[in-house]
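According to TrEMBL, the features are:
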| type | residues | note |
| --- | --- | --- |
| DOMAIN | 12-90 | domain 'ACT' |
| DOMAIN | 82-387 | domain 'Biopterin-dependent aromatic amino acid hydroxylase family profile' |
| BINDING | H261, H266, E294 | Fe cation binding site |
Amino acid sequence: IEDSSSQDGSISLIFSLKEEVGALAKVLRLFEENGINLTHIESRPSRLKKDEYEFFTHLDKGSMPTLSDIIKILRHDIGATVHELSRDKKKDTVPWFPKTIQELDRFANQILSYGAELDADHPGFKDPVYRTRRKYFADIAYNYRHGQPIPRVEYTEEEKKTWGTVFKNLKSLYQTHACYEYNHIFPLLEKYCGFCEDNIPQLEEVSQFLQSCTGFRLRPVAGLLSSRDFLGGLAFRVFHCTQYIRHASKPMYTPEPDICHELLGHVPLFSDRSFAQFSQYIEKLATIYWFTVEFGLCKQEDSIKAYGAGLLSSFGELQEPRMDSKAVDEPVYYVAESFNDAKEKVRNFAATIPRPFSVRYDPYTQRIEVLDNTQQLKILADSINGK
């Protein structure tokens, strides 16, 4: 948050220390040794932890070159909790990110791999019919714009057969291996969205169902997006979803996300409110996304259940986490105490990431609001009071 009194480029910091003899002296000595000029300091008992004190400080702008190093020392060596309130704006250059849901159109086609083009080791690389189909699906995604209905697709009998093989094998494992939330939603998808062995659901129908449950929606994509772009969509509760299906020669394997992975792995839990909120929080954290939303496990009663889409859409991997076998596809799995526990941990961790502003999603306008001045904070406070 920018401090309006810091127009001269001075820096404001709040740090908290445990209440013990010499704690503040260590910090002041650190400032002195590194040539940091302290121009103002206030203290108060911490409102969060009874055994800590919070210190509000102003530092001279000439201290900026060594500030990053000092913050690291405060956090790691002294054990202080540090929050930057203002700093040099020129230093805080932030890459562009979408602030309206319409701006997702700007990067939705910037795929990293696959799409209409396949690598030489892809199962469908030498299949001209499959490659033609992939181009067909890619063109749908390339021409799509926000607000349009997702075009319906007539899937071939071979594609339906591939889907049926995957659907039948995975469904047989869900009751014993998938989490409660997944098994609660799945029958509703069968009832309202056409999830069954001989039918590949249409993305538009699934998207409408998701919106009625949690406000999430689907958007067709030609292939694999960068982590930044993919997770940026989640900030607007938009899930970039492929429409093509894996090659028929290997129905139980895919080197890329396909409609089996998206609809059987991701969609059921995007229909759960707690998980949907968790997914929107996690748009900030690509690595954590991988070990939770893609390959996450959670404790339920006396068992460990899967909630990661990579597990829920893979027959082999869905069986492995419950076994003691060392031959697993993912070398490490992380087990959460519960959905809510994982959500709170991610939310709290995301709050510690340093950046020159905060953001808030407005579900009414479908915009990301940047909170970087007192006027924006006043608008936010008025909005909260109104609710």
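Here the Cβ of each residue, glycine as well, is placed from N, Cα and C on the backbone.
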Remaining residues near the recorded Fe cation site, that is with C-beta within 8 Å of the centroid of the site residues H261, H266, E294: P257, E262, G265, V293, G308, A309, G310, L312, S313
E294 (Fe cation binding site) CB neighbourhood, other CB atoms within 10 A: 18
Average pLDDT across the domain 'Biopterin-dependent aromatic amino acid hydroxylase family profile' (82-387), rounded to a whole number: 85
Neighbouring C-beta atoms (10 Å sphere around the C-beta of H261 (Fe cation binding site)): 22
Other CB atoms, at most 10 A from the CB of H266 (Fe cation binding site): 24
